[in-house]
Amino acid sequence: MAEVRARVDFKVGAKSNIDAEILSFRGLKTDKEHVAVIFKSADVTQEVPLVRMHSECLTGDVFHSSRCDCGEQLEETINRMGESGGIILYLRQEGRGIGLYNKIDAYRLQSEGMNTYEANNHLGFDDDLRDFTEAAQMLEALGIKQIRLVTNNPKKIRELSEYGIEIVEVVNTSAHIKEGNESYLKAKVSHGKHHLKV
């Protein structure tokens, strides 16, 4: 059974001015070092906390890549939760689970005209290899059974529900369209059935 390993205060956001806590876990399904970032002690102060499962994206989260909207979604969520409280489950699932180097290979194929899903398939991967079991385990370790989920992705909604987490409300993120990511976002809508207006 998963449990909280450590819980430490820190400040986050573009200006490091938003109070939060970072939590590590033990007993998760794999040895991936997933973390939770909690704002305003939402795990104890909110009966049904706002939760976002955010899969690691080095290129978007750290380098603000033009190819995706991951960094903007993360920043939007941090700012929202900094004001109203909530929990980010930061999952080490780079490239929808294919890993960083394979994602870079997929970028090369996208530059040649494939969309994000076609590129993954061409490399021998399914559309999305992520498994959200550990996100459910993290919520269980925090004693959370009901959430308001911040997502545009129906797979996240479906899988968390299958793992016994009751999703009381779905809160969509904004569409963060910029030069270089419009075809990526359109593929997420047409192929991945994401709830986005692009």
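Each Cβ is built from the backbone N, Cα and C atoms, and glycine gets one as well.
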Of the candidates Thr30, Thr116, which one does Swiss-Prot list alongside Arg52, Met53, His54, Ser55, Glu56, Gln73, Glu94, Gly95, Arg96, Thr151, Lys156 as binding GTP? Thr116
When you put Cys70 (Zn(2+) binding site) at the centre and draw a 10 Å sphere around its Cα, which of the binding-site residues Arg52, His54, Glu56, Arg96, Thr151 have their Cα inside it? His54, Glu56
Applying the rule Cβ within 8 Å of the centroid of the Cβ atoms of Cys57, Cys68, Cys70, what extra residues of the same chain belong around the Zn(2+) site? Thr59, Gly60, Asp61, Ser65, Arg67, Asp69, Gly71, Gln73
Spatially, which candidate from the binding-site residues Arg52, Glu94, Arg96, Thr151 is nearest to Asp128 (active site, proton acceptor), comparing Cα atoms? Arg96
